[in-house]
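Report on the structure given below.
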Amino acid sequence: MAALRSFLKKRSSVLCNGGAVRHRLFSAQVSQPIPDSPSFAQRIGNLPKDLPATQIKTQVSQLIGRTPIVYLNKVTEGCGAFIAVKQEMFQPTASIKDRPALSMINDAEEKGLITPGETTLIEPTSGNMGISMAFMAAMKGYKMVLTMPSYTSLERRVCMRCFGADLILTDPTKGMGGTVKKAYDLLESTPNAFMLQQFSNPANTKVHFETTGPEIWEDTNGQVDIFVMGIGSGGTVSGVGQYLKSKNPNVQIYGVEPAESNVLNGGKPGPHSITGNGVGFKPDILDMDMMERVIEVRSEDAVNMARQLALKEGLMVGISSGANTVAAMELAKKPENKGKLIVTVHASFGERYLSSVLFQDLRQEAENMQPVAVD
């Protein structure tokens, strides 16, 4: 221990002395400002649109898209088909909703419907879309107000507040219907307010037709046979489905909804744990005609699969991603699908669900851990 303390003391002295030198040099530079020098923002604005000598992006929104696809290997035991999953956790805010958030805001700006610094954006959300919208609003300079059911995870609320959004929680028993109603009430009472309306905005579907669908087609070399996706706003399954069908009419498209809130299969809305899916009504942009059917997945099965994906595949994902995987495996086990390529999506990163039912046992275990003695 004495030798270790001596080493650390010498190391600290070197670092401190070096830090002092760097501080003096840096301070000298700062004390002599260059007259009329342009700000960083001005320099960025003056950059040419294409910089062939560098791959540096000029803004974070340019990082959206081009996410990887990976095969599942261990949880697929007993499946006759191959399952590949597009990992949307690699988006800037770790969810697929970055795509439509960017698309809808850009579309509204191009149409002259909203203006940074003047317009207040209001939107109902179950979480991930709200985070993505708050992220885009912060980057572009909009005030953002979000309504959401109170059952959404604490992590999602913190993420939204991190980007400066105002949150209004609604009665969980009213589901997304109550959240949407509250958003419309705020829209009517707030000056210069605008709602992007993710459930009816064609730009939501368009971005998946123009980006997500082509990415899947290209990464699979056009070999995708089946695409399966959970239904929230319906933008992803509709946009991707329409694109894949345009390339190959024989590609089969399946939706996914919670068994406890199977509205799209003629059932009634109800409470469930698959956050982001099963909004309790049929969204306007949802294209049901191109789908073979909507697969029902129980919340318990979705949660268990999400846990297995982390333990067996090294993929820490959210509950809706677990539901998508359950549905994909159901299709992969059918004899008629043997040898086919099924593609689905892991829509968000699992760290966003630490306070949810997904990790409640592990959270309690971690909270109860005690330190061990160290000699």
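Note: Cβ is positioned from N, Cα and C throughout, glycine not excepted.
Copied over from Swiss-Prot:
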- 1-25: transit peptide (TRANSIT)
- Lys97: N6-(pyridoxal phosphate)lysine (MOD_RES)
- Asn128, Gly232, Ser233, Gly234, Gly235, Thr236, Ser320: pyridoxal 5'-phosphate binding site (BINDING)
**Asked** Are there any residues in the same chain, six or more apart in sequence, whose C-beta is under 8 angstroms from the C-beta of Ser320 (pyridoxal 5'-phosphate binding site), and if so which?
**Response** Gly230, Gly232, Ile274, Thr275, Gly276, Asn277, Ala302, Ala347, Ser348
**Message:** Out of Gly232, Gly234, Gly235, which of these binding-site residues shows the lowest number of other CB atoms within 10 Å of its CB?
**Reply:** Gly234
**Prompt:** Counting across all protein chains shown, how many other Cβ atoms sit within 10 Å of the Cβ of Ser233 (pyridoxal 5'-phosphate binding site)?
**Reply:** 27
**Whole-number Å value for how far the residue listed as 'N6-(pyridoxal phosphate)lysine' lies from Gly234 (pyridoxal 5'-phosphate binding site) (Cα to Cα)** = 12
**Message:** Cα-Cα, whole number of Å: Ser233 (pyridoxal 5'-phosphate binding site) versus the residue listed as 'N6-(pyridoxal phosphate)lysine'?
**Reply:** 10
**Fill in**
Surrounding the recorded pyridoxal 5'-phosphate site, with Cβ no more than 8 Å from the Cβ centroid of Asn128, Gly232, Ser233, Gly234, Gly235, Thr236, Ser320 and those residues left out, we find Ile96, Lys97, Pro100, Met129, Gln198, Gly230, Ile231, Val237, Gly276, Asn277, Ala347
